Amino acid sequence: MQLGLSFSDSDVSSFTPLVVLELADDTKAEAITWLLNRIRDKQQNGGAELLVNQLLFPAQDDQKSNPNVFVVGSTLQRLLNGAEDVGLFKEFQDGTMRGFTYANRESFKDFNGDGEGFLSDAECQYIIKHGLDTLRAKNEQHVPGYPKLKLYPGKSVVRRLQSKGVLIQYFPLHNKEDLKRLSFSWYKKFKLSFQPLDDIRHYFGEGLALYFGFLEYFTFALVPMALIGIPYYLFDWEDYDKYVLFAVFNLVWSTVFLEVWKRCSATLAYGWGTLSRKKAFEEPRAGFHGALGFNPVTGREEPVYPSSKRQLRIYLVSVPFVLLCLYLSFYVMMVYFDMEFWAINTYHENPNIATSILLFVPSIIYAVVIEIMNLLYRCAAEFLTDWENHRLESSFQNHLVLKVLVFNFVNCFASLFYIAFVMQNMVLLRQSLATLLITSQILNQVMEAFLPYWLQRRRNKKVHKRMRRLMGDKELPLLGQVQLETEMNTYLGTFDDYLEQFLLFGYVSLFSCVYPLAAVLVVLNNITEVYSDAFKMCHVFKRPFSEPAANIGVWQLAFETMSIIAVVTNCALIGLSPQVKAYFPESDTQLILIVVAIEHVLLAFKFILAFVIPDVPKHIQVKLAKLDFDSLEALKKRVRYVWNKILTCCNLPSAFFFFF
């Protein structure tokens with residue numbers, strides 16, 4: 001059924017399509033008409049005031065096409081007003097970053113003429129998303145055509161339709177020309193240089209650009225570790241001084257690395273206008289449910305779920321489940337050690353090439369099992385966290401991150417801690433660490449790069465073949481592009497990417513003094529990671545909506561926690577080394593006390609260093625202070641102007657103002 005306006009590529013000139021909105025193919029006509037009218041309606045009437053048209057795909061003999069696919073755009077005036085609504089920060093004429101206001105638009109740098117090109121595609125798409133997300137029910141009792149889809153005043157229309165499967169998806173369209181330029185400067189030619197972070201931010205938004213900035217920074221920060229580790233490994237520097245030097249350098253590096261990153265992150269965020277940007281008010285998640293209640297903050301009706309019930313679900317179900325998974329992880333670890341001992345005994349009984357290769361088989365199998373267990377646990381953790389029914393997306397993400405990090409840390413590092421501190425076998429520790437690290441990197445590259453690339457190529461061929469069969473010689477780029485991107489995988493965010501870097505950081509910071517080539521392997525992995533992730537974002541996944549971000553969020557705390565654990569681990573490894581033990585042949589207690597004392601000194605040094613190094617560079621602090629001062633002065637002038645108006649209208653003396 002065709003509803004409202006529809007168009008093919010010949011009609012694109014009416015507006016630039018920025019977002020695709022796909023409803024279920026059996027959606028009731030009255031629901032579609034109601035939704036489109038709400039999207040087109042004026043903002044003062046409760047609408048989104050956006051442009052929306054239906055895309056009509058040609059009929060297919062072998063496959064039914066979805067008729068309910070729409071493209072959404074906007075007028076320039078609406079986008080500029082929306083930039084003020086979402087609190088967008090842009091560069092002012094004096095070089096500072098200030099919140100954009102339409103009234104002062106001429107005072108912003110790069111605002112020329114009517115403002116065409118002032119906003120990036122990612123910013124325009126984010127504004128449209130904000131307009132759709134804030135589309136709220138007025139007096140409707142239910143979605144037209146769906147009596148069971150209840151609505152109440154203030155309920156987010158888009159979230160309601162999403163939660164019930166009426167709205168399948170909505171996503172931003174790729175810009176072919178911009179994507180081509182970004183691909184060329186980003187990954188299409190191999191070069192040892194910095195990534196085009198500003199271009200990435202311009203196209204994908206700040207959240208993704210910060211991830212690639214962190215990946216680049218982490219890789220460059222590992223170079224000193226790698227340069228020290230190569231000669232250490234090749235020449236087998238095993239004397240006491242060199243061993244301690246490498247471990248201490250590791251400890252200082254992990255602290256300085258994170259503190260300097262905070263400064264780099266603040267510099268990037270300020271330049272992108274997100275450092276001083278106020279966090280948007282969080283709406284309830286699409287999957288959040290509960291009895292209808294009253295929100296004292298917004299004054300609107302919305303679902304309310306008792307926190308006591310959520311806590312019961314967490315502590316009586318989620319926590320026991322996590323503990324059970326940790327027990328299974330320990331059980332699998334002990335099975336691995338049985339296999340390891342069997343392989344070692346077999347080698348000692350009959351040393352040859354075959355049995356020497358057999359020594360690595362248990363570690364390889366265990367590394368594969370670890371990745372499978374991590375994947376299965378991730379699915380279970382997502383299900384449990386969703387079942388806990390968190391109201392806000394940030395709360396959902398924090399609980400999910402905590403669950404996943406605890407299990408992944410134990411699952412990936414428990415065997416290494418056991419070998420190091422229970423078995424105290426440094427040769428086996430070095431072998432296990434190398435095998436786990438190399439195997440996990442190979443598996444990650446296969447799962448994250450080669451497999452998605454292969455699947456996407458197959459999907460692209462099918463779509464192109466289908467469009468050629470239907471259109472013949474006629475080219476309909478928009479229809480083909482929408483058809484292709486609709487079937488692409490959805491990018492689920494930077495969670496898995498940060499998790500991978502977190503685990504690699506753990507391998508380097510915890511045990512690199514035993515296996516100094518760990519930093520070299522991580523550098524090589526991250527170089528390929530930059531190119532594979534860049535390709536995936538450009539050609540494998542749907543384009544994600546821009547997510548404003550001032551830092552890497554909860555992952556900063558995760559990395560800092562890992563660095564604290566690294567201090568304890570490296571001090572303990574130093575204490576276990578034969579060279580150190582030789583200084584205390586008769587007193588283990590004295591050795592333990594000295595190691596603990598050194599550990600406390602290093603932890604104190606770490607916290608002092610974190611305190612001494614400011615998180616925000618001085619020049620940015622000055623700019624932020626200047627912005628606060630200017631805002632306060634502008635407010636004073638505004639208040640003074642209003643009072644003068646009042647006094648003039650009431651014929652009161654000026655001294656009356658100072659009395660108040």
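Residue numbering: from 1, along the chain as shown.
Glycine too: its Cβ is placed from the backbone N, Cα and C atoms.
Just so you know, TrEMBL annotations are computer predictions that nobody has curated.
In TrEMBL this protein carries:
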type	residues	note
DOMAIN	200-626	domain 'Anoctamin transmembrane'
TRANSMEM	208-231	transmembrane segment
TRANSMEM	243-261	transmembrane segment
TRANSMEM	314-337	transmembrane segment
TRANSMEM	357-379	transmembrane segment
TRANSMEM	400-421	transmembrane segment
TRANSMEM	433-455	transmembrane segment
TRANSMEM	504-528	transmembrane segment
TRANSMEM	549-576	transmembrane segment
TRANSMEM	591-613	transmembrane segment
Spatial neighbours of the transmembrane segment (243-261) far in sequence, C-beta under 8 Å, 6+ residues away: 214, 217-218, 221, 224-225, 228-229, 232, 237, 505, 508-509, 512-513, 516, 556, 559-560, 562-563, 566-567, 570-571, 573-574, 577, 579-580, 602, 605-606, 609-610, 613, 615
Folded-back contacts onto the transmembrane segment (400-421), same chain, C-beta under 8 angstroms, at least six residues removed: 318, 322, 325-326, 329-330, 333, 336-337, 366, 370, 373-374, 377-378, 381-382, 384-385, 428-429, 432-433, 436, 440, 495, 499, 502-503, 506, 510-511, 514, 554-555, 558, 569, 572-573, 576
Interface-richest range of 433-455, 504-528, 549-576 toward the transmembrane segment (208-231), CB pairs under 8 Å: 504-528
Sequence-remote partners of the transmembrane segment (433-455) [C-beta within less than 8 Å, at least six residues beyond its ends]: 360, 363-364, 366-368, 370-371, 412, 415-416, 489, 496, 500, 503, 507, 511, 514-515, 517-518, 521-522, 525, 528, 532-533, 535-536, 539-541
